[in-house]
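Below: the structure, in C-alpha cells.
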Amino acid sequence: MSERRVAMDLPSGSNASMPLQRHRVSSLRGTRSPSSLDSPPASRTSAVGSLVRAPGVYVGVAPSGGIGGLGARVTRRALGISSVFLQGLRSSGLATAPAPGPERNHATAEDLGGCLVEYMTKVHALEQVSQELETQLRAHLESKAKRSGGWDALRASWASSYQQVGEAVLENARLMLQMETIQAGADDFKERYENEQPFRKAAEEEVSSLYKVIDEANLTKTDLEHQIESLKEELGSLSRSYEEDVKVLYKQLAGSELEQTDVPMGTGLDDVLETIRVQWERDVEKNRAEAGAVLQAKQQTEVVHVSQTQEEKLAAALSVELHDTSRQVQSLQAETESLRALKRGLENTLHDAKHWHDMELQNLGAVVGRLEAELAEIHSETEQQQQERAHLLACKGQLQKDVASYHALLDREESN
C-alpha cells in the first residue's frame with residue numbers, strides 16, 4: 001500500500017494537474033454541503049460502489065462541498081495522509097484480507113473513503129474548537145479592556161507624545177538643515193578667502209612697487225628742485241656781475257676826455273691842414289676804439305642775457321615736465337586701481353561660474369549615479385526573474401516527467 005498510488009477521476013471542468021494538498025485548506029474553510037462523505041456507511045458504500053470502474057482503481061465524482069470539485073490524480077502525500085495513518089489502515093482487517101481483482105480495488109476505495117471521512121470529521125472538529133477558543137479569547141480581552149477603564153486616556157497621551165516626538169524630529173531636521181547651510185556658507189567664504197589670498201599678495205606687491213616708483217619720483221623731484229635753486233643762485237650771481245660790469249663801463253665812458261696835443265701848430269696853411277688831419281685821424285682811431293669797446297661790452301651783455309634766458313627756459317621746462325610726470329603718475333595710479341577693481345570683479349565672476357558649474361556637475365553626477373543604481377537594480381531583477389523562470393520551467397519539465405511516469409505506472413497497473 002505504501003508503494004501504490006491512488007488516482008481519482010473527478011469532473012472534466014476541474015484542473016487535472018492540480019494537487020489536492022494546495023486547495024485543501026481553502027476547501028476546509030468554506031461551508032460544507034451535504035455529501036456522501038458525511039452520510040452513513042451504507043449510503044457511502046453504495047455511492048462509492050456505483051462509481052467503481054474496472055480494472056483500475058479509481059474513485060468517482062465526489063459531491064460538491066468538502067473536497068468536491070478538485071479533480072486530480074492524487075497521492076497519499078497530496079491527500080495529507082501520513083504514513084502512520086496508512087500503517088494503521090494496513091493493520092486493519094480490511095487491509096490484511098485483500099480480495100483478488102475488482103473486489104480488492106473496491107475494498108481499498110471504501111477504506112480510503114472511510115479514512116477521508118474520519119480525517120474530515122477531525123478537521124472540522126478542530127476548526128470548531130479553534131473558533132470557540134478565538135471567540136472566548138476575544139471576549140476575555142474585551143472584558144479585560146472594559147475593566148481597565150478604556151484606552152482613551154492612554155491613546156490621547158500616546159497621540160500627544162507622538163505629536164511631540166514628530167515636532168521634535170521636524171525641529172531637529174530644520175536645525176540640522178540650518179547648520180548644514182551655515183557650514184556650507186562658511187566653507188564657501190573660507191574657500192573664497194583662500195582663493196583671494198594670492199591676489200591680495202599680488203596687489204600688495206604691486207602697491208609696494210608703486211610706492212617705490214613714487215619714492216624715486218620724489219627723489220627726482222627733490223634733485224630737480226636743488227638744481228633749480230642752484231641755477232637761480234648762479235643766475236643771480238651772473239646778473240649781479242653783469243650789472244657791475246655795466247656800471248664800470250658807464251663810468252669809463254663818462255670819465256673819458258679828448259687828449260690835448262702838445263705838437264705846435266705851424267703858421268702855414270699846409271702845416272695847419274696837416275695838424276688838423278693828424279688830430280682828426282687820432283680822434284677817429286679813439287672813437288673807433290671806444291665804439292669797439294662799447295660793442296664788445298654790449299655783446300657780452302647780450303650773451304649773459306641769452307644764457308640767463310636759456311636757464312630760465314630750462315627751469316620752466318623742468319617744472320612743466322615735473323608737473324606732467326606727477327600728473328601721469330596720478331593717472332597711472334587711477335588706471336591701476338580701476339584695472340584692479342575690474343580684475344577683482346572678473347575673478348569673482350569666474351569663481352562664481354566655477355562654483356555653479358561644480359554644483360551642476362555634482363547634481364548631474366548624483367542623477368547619473370541614481371539612474372545607474374536603478375539600472376543595476378533593474379538588471380538584477382531581470383536576472384532574478386530569468387532565474388525564476390528557468391527554475392519554473394525546470395520544475396514544469398520535472399512535473400511533466402513525473403506525471404508521465406505516473407501515467408505509465410497506472411497504465412502498467414491497469415494492464416496487469
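Using N, Cα and C of the backbone, Cβ positions are placed for all residues, glycine too.
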Region 'Tail' according to Swiss-Prot, located in which of 177-196, 297-316, 397-416: 397-416
Residues flagged as coiled coil in Swiss-Prot, choosing from 199-240, 241-282: 199-240
Residues in the region 'Tail' (397-416) grouped by DSSP into helix, strand and remaining coil: 19 helix, 0 strand, 1 coil
